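Feature annotations, reproduced from Swiss-Prot:
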COMPBIAS  192-202  compositional bias 'Polar residues'
DISULFID  CYS54-CYS96  disulfide bond
MOD_RES   TYR183  phosphotyrosine
MOD_RES   TYR194  phosphotyrosine
REGION    156-202  region 'Disordered'
REGION    170-187  region 'NUMB-binding region'
REGION    174-181  region 'Proline-rich sequence'
SIGNAL    1-21  signal peptide
TRANSMEM  123-143  transmembrane segment
Amino acid sequence: MQSRNLWRILGLCLLSVGAWGQDEDFKASDDLTSISPEKRFKVSISGTEVVVTCPDVFGYDNIKWEKNDNLVEGASNRELSQKEFSEVDDSGYYACYADSIKEKSYLYLRARVCANCIEVNLMAVVTIIVADICLTLGLLLMVYYWSKTRKANAKPVMRGTGAGSRPRGQNKEKPPPVPNPDYEPIRKGQQDLYSGLNQRGI
């Protein structure tokens, strides 16, 4: 009974922690939604390639990029593409601005990339796990019912009462062994050579 109450208390604690974490997430998301969509950066990751798109405020004319306050050479589009992104070398503060507007928009970028990663959404993972559990349970039920029907159809094996076997009821009491004629017992009344033990004086 105490373990049941312990599980209830643990469940309530987990629910309260989850609700508290959701409040923090809502506060953070409120801060993000206060930024207008045209002032947000867009980041897309595919394999080892990372593409950062400058906000729509600056338009499309001659956009320059800076990384950690250093000008990025050869980047004049709204999209900054890095084919072989490295978390150690390429992470940092990125800024984009147009020549006509000197105001800069900053983004701190730190991304983990891998060459052989596959992006999987949550519904696909849940579907795979549920299908695997259902398939395993189905196989277990099939094996259980198959073994149950096989055991019910099997006939009990009876030992035949042949020359070398006895019925099970006679195994409880064994008859005394028959004396062997090669080894007769010593008779006290006879005086034969081997009828007694000779004791020699030393």
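Any Cβ shown, glycine's included, is placed from N, Cα and C.
This view paints the features noted in Swiss-Prot onto the structure.
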| residue | record | DSSP class |
| --- | --- | --- |
| CYS54 | disulfide bond | coil |
| CYS96 | disulfide bond | strand |
| TYR183 | phosphotyrosine | coil |
Folded-back contacts onto the region 'Proline-rich sequence' (174-181), same chain, C-beta under 8 angstroms, at least six residues removed: none
Cβ neighbours of TYR183 (phosphotyrosine) where a neighbour is any other Cβ within 10 Å: 6
Number of Cβ atoms other than its own within 10 Å, given for CYS96 (disulfide bond): 25
Set of same-chain residues at least 6 away whose C-beta sits under 8 angstroms from CYS54 (disulfide bond): PHE41, ILE63, TRP65, ARG78, GLU79, LEU80, CYS96, SER105
